[in-house]
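J.: One structure follows; several queries about it will come next.
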Amino acid sequence: MKLFLISAALVVLGLAAVADAIGCSDPSPFQGRWVIGVDKKECVALVKEKCGNLRDYTTGRWVRGQHVKSNCGSIPKFTAIATFLKPGNKYLGHAAIFESCASDGIWVYDQWNAKPVERRKIRYGNTGKPNYNGDNFYTIEL
């Protein structure tokens, strides 16, 4: 009975964590084009315009959620993710739309001011560019 209660509690906690993930619309139709919003062609423009109600919030309101690499199996496809490299786990770096994980990185859709939306792999272990290191991505919560 005790084992059952512990298992049930873990399932509920896991579901709560997934429920906090901010879902995004399928970004694949936008490949090769920029998604432009108040943040112009920056990475956050894609995420703010295509994910939940993020356009209503500045990045300063974003909260670091689940670590993508550690929780890959439970993060839904097309979830808003970002790096939170500022002190206090505040957003700084890069934002993208999560697709899936691979053994050597994460597959995302992203853009930045020099590159329109594309599907690409952000590899783990890129210590030279922490904002492009798959180890540093977390789900975005509000």
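Note that the numbers count up from 1, one per residue, in the order the chain is shown.
The backbone N, Cα and C atoms fix where each Cβ goes, glycine too.
Swiss-Prot lists 1-35 with the feature signal peptide, giving sequence analysis as the kind of evidence. The active site feature in Swiss-Prot is assigned to Cys43, His94; the stated evidence is a curator's inference.
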J.: Between His94 (active site) and Cys43 (active site), how far is it from one CA atom to the other, in Å?
T.: 6
J.: Provide the three-state secondary structure of His94 (active site) computed with DSSP.
T.: coil
J.: According to DSSP, folded down to helix, strand and coil, what is Cys43 (active site)?
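T.: Cys43 (active site) sits in a helix per DSSP.
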J.: If you skip the near sequence neighbours and keep only those at least six away, which residues in the chain come within under 8 angstroms of Cys43 (active site), Cβ to Cβ?
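T.: Those within reach of Cys43 (active site), by Cβ under 8 Å and sequence separation of 6 or more, are His94, Ala95, Ala96, Asp110, Gln111, Trp112.
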J.: Tell me, how many other CB atoms lie within 10 A of the CB of His94 (active site), whichever protein chain they belong to?
T.: 24
